[in-house]
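First the structure, in the form of structure tokens, and then the observations on it.
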Amino acid sequence: MTVRLTRLLAAATLTLSTVGGPSAFAQGVAPSEASPLGESESAPPAATPSPLPPAPPEIAEPEGPSAPSNDSAPIGTVEGEGANPAETPAPPEGEPDPAQQEAVVPALPVPPAKTDPANDGPTVVAEPPTSPSTPAFQPPPSVADLAEGLLDAVVNISTAQRIEQAGRGIPPLEAPEGSPLQDFFDDLLKGDDQSGRRVQSLGSGFVIDPSGVIVTNNHVIQDADEITVNFADGSQLDAELVGRDPKTDLAVLKVEPEEPLKAVAFGDSDGVRIGDWVMAIGNPFGLGGSVSVGIVSARGRNINAGPYDNFIQTDAAINRGNSGGPLFDMNGDVVGINTAIISPTGGSIGIGFSIPSNLAVNVVDQLREFGETRRGWLGIRLSAVTDDIASGLGIGETRGAVVMGIIPGGPSDDGSLKVGDVIVGFDGKPVESSRDLPRIVAETPVGKTVEVDILRKASRDADAEPTSVEITLGRLEEGEKLMAEAEGAPSGEETDSAESETPGSESEDRDVLGMTLGAIDDAARETYGLDADAKGVLVTAVEAGSGASQKGIEPGMTIREIAQEEVSTIDEVTEKLASLREEGRRNALMLVAATDGALRFIVLPLE
């Protein structure tokens with residue numbers, strides 16, 4: 001007899017078959033799942049209802065015609081303990097001989113058959129099974145070597161100031177009241193001099209130039225009288241402030257070392273993916289050189305910390321004192337600057353935020369070169385594109401930023417942009433939301449002429465169409481002064497009544513869509529504090545619970561446009577609303593102005 005090992009592809013058992021014996025199927029295997037793979041020519045035909053297809057010869061090969069000997073141990077027994085066939089009683093008549101029955105043993109999982117182009121049939125490739133305990137994901141190996149090479153470039157920053165002020169972001173480290181280590185923290189953080197009690201705060205930073213250039217958070221050094229940098233080897237150096245930027249919470253310091261310092265480089269934060277491993281090094285609670293590891297939890301977070309929020313979120317432990325410290329990728333490059341945490345306790349709960357390196361590089365370069373930032377400025381006011389506004393403008397999707405106002409004297413005050421334009425691209429970069437545009441513009445050099453992609457509605461009956469305009473950017477810092485002056489400029493207090501009348505204004509108020517509308521005259525200007533050049537139709541009252549009330553319309557506001565067409569009289573308002581109803585429109589897109597002149601779009605139902 002010939003012993004053969006057979007793997008049943010559709011079964012979860014391995015059978016040890018005796019070729020030439022009775023054709024009994026393996027226990028626990030349905031007849032349709034069994035297969036006499038690799039039968040010998042000398043074996044008698046099996047008494048089966050229908051022949052089964054022959055199996056590939058490589059599955060099982062005969063080991064020879066020799067019959068099994070007495071010293072062959074049965075499956076499941078120890079060699080030498082098996083029964084002697086000579087001493088085994090014969091089975092009852094009509095029952096098969098147990099020695100000739102197939103023995104069933106537990107089988108390992110069998111991988112799917114792989115097709116071999118060289119053969120006609122499938123070829124079973126024996127592969128070791130994957131253990132259920134083997135994780136599908138392996139954490140990174142030890143980061144000890146990586147951390148060891150970076151620790152010397154990370155510094156602790158201590159500041160002394162007369163007024164305790166934490167600023168925004170991760171609060172500077174203070175002595176925890178009632179702590180067993182309070183005496184230690186009191187000695188570490190507080191001091192007295194002849195001018196009065198001075199409070200010392202701790203933060204982190206990192207060296208980006210061997211000559212002594214250090215990056216940290218603005219709130220770490222804000223209002224500081226003295227700044228001291230502590231290095232990993234225990235040495236200390238006084239630092240000077242090169243420049244700071246509250247809008248991004250970044251600051252650049254300079255020390256004068258006797259020898260070149262260990263420095264690190266910025267990486268590409270745009271290449272960081274959610275789930276990538278990162279490492280934070282800093283000075284939490286005054287414990288310098290502390291290393292924590294985590295992953296990137298999210299990107300592009302807006303936590304309302306500033307106008308250019310685009311934070312990397314990480315679960316690496318970040319605590320008080322980590323402010324200004326670097327967030328490294330696994331290549332040892334700085335991809336973020338640790339800045340803020342969300343925590344009900346003040347300690348890390350795995351929600352930390354870092355300024356992306358690609359945003360920081362531009363700011364740091366400007367601070368090093370000019371001592372201040374020089375950001376691009378477009379000279380417009382923006383608003384988000386809501387579903388209602390998108391429908392009213394006919395753009396089909398809520399993307400981009402809608403222009404709500406043009407700053408007089410600004411770069412866009414040349415007629416290139418109009419109120420209601422939707423900016424969807426800037427200098428070759430897509431603008432997905434109104435939050436993206438200020439950051440993209442700010443990172444663009446002052447004086448550069450850029451192409452702005454917009455969707456503009458040519459008429460009420462047509463959808464907005466794409467077009468492009470060219471604009472030369474101004475400087476944001478100068479624009480802020482211009483806007484402040486414009487907002488503080490006095491409006492005309494004395495004007496000739498004949499010239500201040502709105503052309504065609506009516507003497508009687510009318511109720512429209514839950515609003516009482518009236519003309520803009522001298523009495524209205526005085527009552528609501530309107531500018532002398534205020535245009536449109538005045539809202540004098542709003543019905544409680546109406547659509548206008550729910551949209552935030554208040555007395556003193558003025559309606560400037562309906563469906564992107566200017567209105568200056570109540571008759572024009574009612575005519576345009578009637579026209580929209582005739583066209584089957586269900587809503588009306590209106591451009592309204594607050595008493596301070598700020599514009600916004602609203603959508604009112606045409607009930």
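Cβ atoms here come from the backbone N, Cα and C positions, even for glycine.
Database features, via TrEMBL:
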REGION    20-142  region 'Disordered'
COMPBIAS  46-59  compositional bias 'Pro residues'
COMPBIAS  129-142  compositional bias 'Pro residues'
ACT_SITE  HIS219  active site, charge relay system
BINDING   HIS219, ASP249, GLY321, ASN322, SER323  substrate binding site
ACT_SITE  ASP249  active site, charge relay system
ACT_SITE  SER323  active site, charge relay system
REGION    476-512  region 'Disordered'
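Here the features listed in TrEMBL are placed on the structure.
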residue : record                           : DSSP class
HIS219  : active site, charge relay system : helix
ASP249  : substrate binding site           : coil
GLY321  : substrate binding site           : coil
Rounded to the nearest Å, what's the C-alpha distance separating ASP249 (substrate binding site) and HIS219 (active site, charge relay system)? Just drop the number here, would you?
-> 6
Where GLY321 (substrate binding site) and HIS219 (active site, charge relay system) are concerned, what is their Cα separation in Å, rounded?
-> 11
Integer Cα-Cα distance in angstrom, HIS219 (active site, charge relay system) to SER323 (substrate binding site) = 8
Pairwise CA distances across HIS219, ASP249, GLY321, ASN322, SER323 (listed as binding substrate) top out, in Å, at 15
Near the Cβ of ASP249 (substrate binding site), how many other Cβ atoms are there if near means within 10 Å?
-> 27
